[in-house]
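What Swiss-Prot says about this protein:
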BINDING   Gly10, Cys11, Leu12, Gly13, Arg14, Gln15, Gly99, Thr100, Thr101, Ser121, Ala122, Asn123, Leu124  NAD(+) binding site
BINDING   Arg37  NADP(+) binding site
ACT_SITE  His153  active site, proton donor/acceptor
BINDING   His154, Gly163, Thr164  (S)-2,3,4,5-tetrahydrodipicolinate binding site
ACT_SITE  Lys157  active site, proton donor
Amino acid sequence: MNKVKVGIVGCLGRQGRHLVSEISASDIAEVSAGLVRIGSEYVGKVLGVVIGCNCDAKITDSLEHLFDVSDVVIEFTNPNTMIECMKMAELKKKPMVSGTTGISEDMVFQDYIKSVPFLWSANLSFSMNILLKLVEDATRMLSGYDVEIWEIHHRYKKDSPSGTSLMLGKAAARGMNVQFRMNQYIKGGQESRQDNKSIGYAVSRGGVGLSDHKIIFAGDEDVIEFSHRATNKNVYAKGALKAALWLIGQPCGIYTMSDMMVTQ
């Protein structure tokens, strides 16, 4: 059986390296090529040699070539690169998975990609997406509780709050049956909560490998907490590969991890 060929955009990034290693260990998928910035010193080199894993794919700086040699493409980059990838996916009629965060709330994926399957999630961890469902259900049952979301990420994390924290907030808002609106409260009581339909955020940055999220339901007599801690970026790589393999068999459309999970 031929292996599914997976192209990786941002193959030498923090997440990209984990993706290369995860896919290279798969029995049903292989890395077709890895994309780096134009003019990079790594263009033409063997990806496995650079990263240190069993991967024979070459590194390229041509987005078009990457799509040409791939059955499906995965990207963890930045919003601008993500848009270019969506345009190329549409042109080449190839499915694409994106885990890029920091995108505008106003972005409409259908403006760029219409005729191929596309899956986006701010967090591709299977367990985090289970937590999102638990949060929505808990919020629905805990009417009258204040909702606060806390996160800590490595010092290099650019978006704040993280895409995952926003997903948690939106899950809570669905449970409240209200329009999502983000409120960030300043520590020390300088800003007061207006009602228990609002969602507070607290953000911390530090270290190099941290990724913790906690959602707190604070009532008058008790406090309930849900938390998720990613101890290794492989959890996102595993989710991304699972999503990519699933996406290949889907009709054109915009998908989330929730869509995939209901079919498992």
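Heads up, the Cβ atoms here are built off N, Cα and C, so glycines get one too.
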In three-state terms from DSSP, label Arg14 (NAD(+) binding site) for me.
helix
Rounded to a whole number, how many Å is the Cα of Gly163 ((S)-2,3,4,5-tetrahydrodipicolinate binding site) away from the Cα of His153 (active site, proton donor/acceptor)?
12
If you measure from the Cα of Gly99 (NAD(+) binding site), which of the recorded positions Arg37, His154, Lys157 is the nearest?
Lys157
When distances run from the Cα of Leu124 (NAD(+) binding site) to each of the recorded positions His153, His154, Thr164, the nearest one:
Thr164
Reduce the DSSP letter at the residue listed as 'active site, proton donor/acceptor' to three states and note it down.
strand
In the chain carrying Lys157 (active site, proton donor), residues 6 or more apart in sequence that have Cβ under 8 angstroms from it:
Arg205
